[in-house]
Amino acid sequence: MSTSATTASSAGGATTAAAHHSNLALEPADIAVIVVYFITVIVVGIWSSRRASRSTVGGYFLAGCSMTWFPIGASLMSSNVGSSLFIGLAGQAAMGGLAVGGYEWNATWVLVALGWLFVPVYISAGVVTMPEYLGKRFGGQRIRIYTSVLSLILYVFTKLSADIFSGALFIQVSLGWDLYLSTAILLLITAAYTVTGKRVMLVLCVLLPYCVDSNGADSVCVDVSVGGIAAVIYTDSLQTIIMVGGALALMFISFARIGWYEGLVEQYMSAIPSVTVPNTTCHLPRNDSFNMFRDPVSGDLPWPGMVFGLTILATWVWCTDQVVVQRSLSAKSLSHAKGGSILGGYLKLLPTFFVAMPGMISRILFPDEVACVDPVVCKSICGTEAGCSNIAYPKLVVELMPVGLRGLMLAVILAALMSSLTSVFNSSSTLFTLDLYHKARPKASEMELMIVGRAVIVILVSISLLWIPVIQASNSGHLFDYLQSVASSLVPPVTAVFILAIFWPRANEQGAFWGLIVGLVVGLTRMILEFSTSHPACGQDDLRPAVLARVHYLYFAMILFSISCIVIVTVSLATAPIAEEHLYRLTWWSRFSQEPRVDLIVDVGVPEALDPEPSNDSEETKKPVPCWRRAVLVICGLNGSGSGPVAPEKENNELNSLQEKPLWRNVCNINALLLLAINVFLYGYWV
């Protein structure tokens, strides 16, 4: 690096560092907006938790199958659009252009597949969790345990930790606080938001019935820990409105600042930082910045990978991931589940416009900070030498939003963060409680399962806190790349198993298990290599192994998916098939079957009821329950009568059947075709 460049870097670093660390004083109007937002969310959480059935496992985890299409669709959007998407998508667009919006548009197709292909099979199978489906489909326990553990690992080390990290980064940029202080504050706020309204009621619920806080009776639990999935879905609906409204407001303000779309096209290509690395081009915007389909060899997001590799990852996210599928399974009918998928698909068209494009505008307005390439400058701005594109969206909020709206956008990011976190908390709690804990304690009472489900939330918060420094150290400056690379190394085998389980009846347990194991070994090999070698900085040669330097992670996802499918098919054909009597209503081809199914395993899902001891139970029920304990049971969402094992619920609703009213079936089909047509038009316009 030349002397002049070094001198310029130091000067620029001093300027940007000072700007970066300047505190932003929130005006009273900003604080008022944030306070009103939190009060509203708490009220909605209380209302929804009281409205829903929370005293049974089915009511807690599936909302009694009573949800309609609008809250389902809004919750699908909100649970996926977390703070990591605001930070990562905007940052990636700032550096690479519009193509990253393809991640959002691809979801439209997969959401339609969720409603029309996957959900009908899950409904006919009568499952609560995705590992439960695999348990019924293949039998045995090792696949179910594998997928449950893998899901928990992915939740903690990608979704949960990345969202908290990105939320803390937003607060750091907005208020000038230390990143770790911001992280600790976010965790405390989220834990309080998730577990209690006024006091940490989860501790109370765990200690029940051995002790109780003296003020416990006037405390209120909201959202995940007490309200279950019903409270999550209703608060997600509110937060979706807040996120979309606030993000659209910032989008219009940003476009007005640069002269709308024409100004974006003209000015983005000249958005170059003042301090560059000599004899390099990494400071220049890409020539294909406004092209959704990039070159298959030299493109940063090659189009074959965006079409095929991304679909593999998206299928896992939208069609097999507990966080998403749990929302669709809470629908009151199949038509409402499809309607939720359609609404979610329409909403997923929007982030390209209100997140990715504002990220590109942020580079135009703040090129020296958002587009920095000199390691000294970048280190002084955001604490990492690899680049500072992650600050694109929060920088835009801090500099452009007027008083009041700035508080709204802070509430939007907090809404996105908490929505994503609570979604992961609830679904992880479901997986651990019903798929892992119940295996260790098959006779666990309903109260015990409910308490364990709530306690898991606290454990997840603790683990995520320990992982935050690891994410900061391993982040190469592009949060979105980190998330997608990890997913590409771990989830393709799971996608392969689900697709073959649903659409190929010949697949058996041996094939699925070894497909998962081989895929895991191959994927972990690449992931370990990636974390053990650093990404080359601007002007440096790429000395990484060829599997990293020459094989894009989306291409690797395609390769890993193919390897897993080959292993599953080969081993399945070499071993005995599963008898047809075990597959009724577990595959796409048998979803309408009326034949009685003989499950390969009988202790899946919600534990079956065993006859309790009459003498003990009758004596216990005759004893009066103290007032303090009744109050705590109400607050914790329990009825106090769950001393015995859990009985499977038979919900009296339309979701027990795949039959649809012709009118609403046609309405859903027409809307799905319209949604896909709009999606194709958008792709065509930017190709």
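Each residue, glycine too, has its Cβ placed from N, Cα and C.
No curator has checked TrEMBL annotations; they are predicted automatically.
Some features that TrEMBL has for this protein:
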- 29-48: transmembrane segment (TRANSMEM)
- 60-87: transmembrane segment (TRANSMEM)
- 107-128: transmembrane segment (TRANSMEM)
- 149-171: transmembrane segment (TRANSMEM)
- 301-319: transmembrane segment (TRANSMEM)
- 340-361: transmembrane segment (TRANSMEM)
- 408-437: transmembrane segment (TRANSMEM)
- 449-470: transmembrane segment (TRANSMEM)
- 482-504: transmembrane segment (TRANSMEM)
- 511-529: transmembrane segment (TRANSMEM)
- 553-576: transmembrane segment (TRANSMEM)
- 667-686: transmembrane segment (TRANSMEM)
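Listed as Cβ neighbours of the transmembrane segment (667-686) (distance under 8 Å, sequence separation of 6 or more from its ends, same chain) are residues 98, 102, 105, 108-109, 112, 115-116, 290-293, 335, 338-339, 341-342, 345-346, 349, 352, 660. The highest tally of CB pairs under 8 A with the transmembrane segment (482-504), across 107-128, 149-171, 301-319, 449-470, is held by 301-319. Within the chain, the transmembrane segment (107-128) has long-range Cβ neighbours (under 8 A, six or more residues past its boundaries) at 57-58, 61-62, 76, 80, 136-137, 311, 314-315, 317-320, 324-326, 328-329, 334, 337-342, 344-346, 348-349, 430, 434, 498, 502, 585-588, 590-593, 604-606, 655-656, 658, 668, 672, 675-676, 679. Packing against the transmembrane segment (340-361) from elsewhere in the chain are residues 67, 69-77, 80-81, 85-86, 89-94, 97-98, 100-101, 104-105, 107-108, 111-112, 114-116, 119, 240, 244, 247-248, 250-251, 254-255, 257-258, 264, 268, 289, 327-328, 331, 389, 392-393, 396, 668, 671-672, 675, 678-679, 682: each is 6 or more residues past its ends and has a CB under 8 Å from a CB in it.
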